[in-house]
Each structure stands twice: as C-alpha cells, then as structure tokens.
Amino acid sequence: MASIDPYQHIIVEHQYSHRFTVTVIKATNVTKGTFGDMLDTPDPYVELYISSAPDSRKRTKHFNNNINPVWNETFEFILDPNQDNVLEITLMDANYVMDESLGTTTFPILSVKPGEKKQVPFTFNKVTEMILEFSLEVCSSTDLRFSMALCDQEKLFRQKRKNKVINGLRKLLGPEKTQDLNSTSRDVPVIAVLGSGGGFRAMIGFSGVMKALYESGVLDCATYVAGLSGSTWYMSTLYSHPDFPTKGPKEINKELMHNVSYNPLLLLTPQKVKRYVEALWKKKSSGQPVTFTDIFAMLIGETLIKDRMNRKLSHMQEKINDGQCPLPLFTCLHVKPDVSELMFADWVEFSPYEIGMAKYGTFMPPGLFGSKFFMGTVIKKYEENPLHFFMGVWGSAFSILINRVLGVSNNSKGSTMEEEIENLKPKHILGNDSSDSDDEMQEPKGTENAKAEEEYLRNNQASWVQRMLMAILGDSAIFNTREGRAGKVHNFMLGLNLNTSYPYSPLSGLCTQQSMEEDELDAAVADPDEFEQIYEPLDVKSKKIHIVDSGLTFNLPYPLILRPQRGVDLIISFDFSARPSDSSPPFKELLLAEKWARMNKLPFPKIDPHVFDREGLKECYIFKPKNTSVEKDCPTVIHFVLANLQFRNFKAPGVPRETTEEKESADFDIFDDPETPFSTFNFQYPNVAFKQLHDLMEFNTLNNINVIKQAMVESIEYRRQHPSRCSVSLNDVESRKLHHKDSQSKFQM
C-alpha cells in the first residue's frame, strides 16, 4: 500500500498529547494524628486527580494497619499540553463507613519535561513522607486515523474485488461488451447496492433483492453493499452466517422466515431476561453507557442471529479479505441534544475494517468503537461490541418495539414513518450531552390499544420485566425518557481540535456536475429546517455522543457511497420507506439524498420528481447525468421502489400466473391494506406475508435485470471516455473552514 496519504491530517488539526506516568512508590510514618493513631492504625491509600484529564481520578489499593506502605503502583494520564495540568495527591485512610482524608498536596505537571523521569518527595502532616515518580512523553501517534482517504485494508480489498467484478461482468454481459476489461484497467466500474430502512419490511424486502442479485450474477459485479436500519439487519444476518457466501440467500432466507414468525413476547421469558440483565449490568459496571438501545439490540439479536450472538463486526473480514463478497457498509447518525436530526446529523459509517465519520476524517478499527478516547488516544479500552449491539444502534428508531411489548403508549399502527418515529426524534433528546449523570427527566406512560387476550399477558410480563431491569440497573429513565432510547457511546473525538476542516468532498469546486441553484437548495423537501446545521462541527468537549437510526434524517444510505474516494459509478438503490398509500410518489427520500449531496458538493444526478406524473408508478426509475462530458464524476442511479405492479400477473418475469391460487397470493397492497401486515413496526411476519414481500422484491429485481445490465454497459463506456474519473491529486485540495449555513460564502467551506 502507498505509504503517503494525501489526505492525512486535513480534517483534525495536527496535534500531540502528553502521556503522564505516575508511580506511587511508598510512604513512611503515615499518621492520623496523635489521638487518631491511639484509636486506630491507618489503612492508607493514595488518590490521584487531574481535573483537566478525561480519565481524571486514579487510586492505589489500600493496606490494612500499615504506617509504612509500599505500593509501587503505576498510573497513566493522557493530557492536553496546552492546558494548565495540575496533579492533586491525596493521602486517604480507608474505613468501613467513610474514608478519611489525611492530607492533600498538588504538583504542577509543567515542571516535568518531555522525556524526563524524576522522583519527588511529598510531606503530609509534617511527619509523613511519600515518594512518587513522574515521567512525561509525547504521544506522536494516535489510535484514531485522521484522513479522508480509504484505509489500506479497503484499498487492498478493492484491488482483489476488481478481479472478481471483471469475471462477474464478463459472465453477465458477455465477452463482446467486456473484452477490454482487465485488472489494471480503469474501465472497470464501481457498482454499489443500497438498501433503505423500514423495519422488518425493509429487511424482508432486501432479502428478496439479495437473492435475485446473487442468483442473477449482479452481486458478483458489485463492490459495495450499503444498508440503513432494516436493511442492515438483513446484511448482518447474511454476512454473519457461517455458510455465506458458499450458501446463498435462498437457504439463509428460509432461516430468516422461520425466525421472524414468532411473537416478540417470547423473548421476554424469565431465563432470557435474566441473561439480558446480566449482560447489561456487566457493560454498565465496566463504565460504558447503557440505554434502551442496548435492550433492543439484544432482542433484535435474539430474533435474527440467536445462534451467533458473540459474532463481531470485525469477524466479517473473513468474508471479504479475498474480495469474495462486496464490502458491507452500515450507518447510523451522531446527533445533538435538542436539535432535530433533519437540521444537524453527522453520518457515522461502519465497515468490517473501520468505523468513523468522513465529515471529520476520523476513523478507528471496529474493536475501539465505544472505548474512551482523548485527543485521539485510547485511555480506556473495552471489549469489541458484539454485532447485535450495532444492529440495535443501526435500527434504534425501532426501540419503540420494547415500549409496545412493555405496554408503553404508542398508537402508531398503520401510520406513516414520520408519525411513528416522531417521539423518537433526536430533537426531543433530553439532558446534557457532556454529562456523566444518569439523572433524566421522566415522561408519563400511557396505554396501547391491543387485543384483549394479549393485554393481560403484556401487562403482567411488562411489570416484572421492568421491575427486574430497573432493580438491577437502578435506572428507570432507560424506559421513560427519549434520551434513554437513543444509543450512547463515549465520544471518540473528545479533546480534538477542529479548527481546520474540509467539506465532505475534497473535490469541492473541482467536481463538474451541474449544481443546484441556491433557491433550489433552500427549497424544503420534508421540513423547512432540513440540513440547516449540517456544516456545524461535533462538540469535542462532550464526554459522550448520541447515536441514532440514520432513517431519522433520510432513509437511504447514500452518504456512505458518495464518498469521492470510493468513486462509485452505478448505484442500485432499493427504497422500502413507508408511503401514505401505494399510489403515492416514491421520491421523498431520494430527493433528500440529492439535496444533501449538493450541499456537500458531491456529484449526484438531477432527480426529477415529475417523472412520476409523466410515467406513473413503476418498479424502478433511472436517473443519470445528462451530459457525461460535463458531469464526468456523477454516478447513475437505478432507484427501485416498493410497488406491486407486474407481480400481480406474473410469477416470474415473462411467466404468467394461471391458477386462481397463484393470482390471489399476489393480489395484495403494501400500504393500502387496512390490516397493515407490512407496517413499519410489525415485528412478526407469518410465512405467507414473508413470502409475499420477499417474492415481490425478488420479482421486481429480476424483472429489471436488463435495465441493470444496460446501465453497467454504459458505466464501462463512461469510464473509457473519462479515464480520470473520480481522481484527485493533493494539489487539487484547498483549505476550507467549517461554517454556519448563513455565512457569507455559503458553500465555500
């Protein structure tokens, strides 16, 4: 891999931290005073405190009845050298009821020079002497990677995957249309498959899509598969399966159908809840935040991957290291308290190789996500989070499922996505983001309309489950506040300096796609305040950050795929978002993605919503650059929507339905059915409903394979015409600043 990273340190200002090491060696003549010593021999220990350090307080073990203790214990603090760092040393006496301070002194850390090691004596109460040893070193490297470039592992994956893609294209398109493709050719297009959110509806629909793409050979031509919320649940199920890709989606989807056919109440048996609580307690006692999302994560994991709850995101590397499968990309949002996610949200991307935020160019290995950081250095490392924790975070909007099971109010059956998630939006998050306090405001609970025979079971199970969880966790706010339902992790950007930054794209001002006029960018798609604060930076002083379902801003994971470094030519997106009715226009989420792309100076084809008026509802729509010589970096988008059209009359492309049974099985609506079998918050799918949704999306995909193949051919031709497509040199990159939307130069970041 190249040793020079042209994007290094262009987002986070280059800075160093100091590692301050303290060894508490010993103390002599520890005393509680003449009268105190007559009553009791001291049980001494030492407490170290640096207010400016993130992990600020350390302590030694205590010795019983020992006036000359020898500790020889070493502690480390990561410090910002630009702050006035002072060490506070307190000699303590351990007691059964309340520990007693025997004296406090301070030490200015500035008196220790980098590279120096020295012993310093301290005197307490005129007779007690304590010896400490100090050393200071500069941390020249960090645990975070500061860059907008792809990591070396992804670059290596792309090289290996290219050979697989070439073979896939040759097999799918034929030798005539792929005769000049080779592993060194820039003609090989980068193809991405996208799946939207939408709960189990999205997961099941995407399972049918992936089966069609796998069996048709299209998946062999893709470099990336990106998902959001419900689609990530299917991707997690697929990529964590021990037999994938040897065993394809057909067999794995049968297992999925079986798993989602059960009532979620069965997950709340005493034995299972005891296991959940033990895991939550272990996490909380280790110093990690625990919220409602952690509980939901366990339930979604038990439903979908119950036989592999110990699997990690990094384990997926074995599925992609040789380029055998497309690289899976997952996402969630970082949001701020009391700010709508439509106004401000940072997209967080997850891959088996890295987790981070491209907006700031900060990334880390999956095993470090959730650890305590300061100035880019890990100060407390935890075990890598299990995959099911991420599944809960990626689909955290659906933590409302727990409220339903536990009888908490939510009368959202049959409502649109916007109505269903209104109470979960980050603009309602309560509390101080930087606080470590668990004190949270209370919300009143209500009741949910349900069948009478289910109400008794729900109420009784809910009461004891709540009592057990709250008794052990001691935190009723987990159930009763919106903040408790948002995921929360330690802020990995704590203490960093964001003075220098870039737009999401380093190609700003260089990309030649047609730009939207300013009034077009100001035009609202879903909300007058949408994206109002997307140029605002993350709060690097907050100790923790909130992370939520990306579908709360817009329901398609385009930000992952639009990173210029990935250079994607063809995007095949599948939108399972809720609509008011089956006949409603299907472009709202796509229009939001387009607006977000324009505001971040990223190439995106013009989305014309009037195509719906001209052509009506279709299974898929194509949006491409109008002039490839001008918009040479712009990808082509094939946008599939959730619609039951030709499937009603054909059981396979070109194969008509003949029997009454065949016709009746396909005669169903998605959003207009009064029974709402495909509701966003339906978490139990009978086999019949599963097969209907799965087979519908499999059919719609296969029915448009020729559309996909033609777009692939055109993408190869675009590459041949523009060999410099999506490339950028260091000389092209200009310095920019983060700014408010209403600043004078609105998009000159």
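Any Cβ shown, glycine's included, is placed from N, Cα and C.
Annotated range for region 'Disordered' in Swiss-Prot, selecting from 403-427, 428-452: 428-452.
Check Swiss-Prot against the ranges 645-665, 729-749 and you find region 'Disordered' recorded for 729-749.
Counting other Cβ atoms within 10 Å of each Cβ, the lowest count among the recorded positions Thr41, Asn65, Ser229 belongs to Asn65. Across the residues of the domain 'PLA2c' (138-740), the predicted structure has a mean pLDDT of 84. In the three-state DSSP scheme, Ser229 (active site, nucleophile) falls into the coil class. In the three-state DSSP assignment, the secondary structure recorded for Asp43 (Ca(2+) 1 binding site) is coil. Residue with the densest Cβ environment among the binding-site residues Asp40, Asp43: Asp43, by other Cβ atoms within 10 Å. Taking CA atoms as the reference points, Asp43 (Ca(2+) 1 binding site) and Ser229 (active site, nucleophile) are 54 Å apart.
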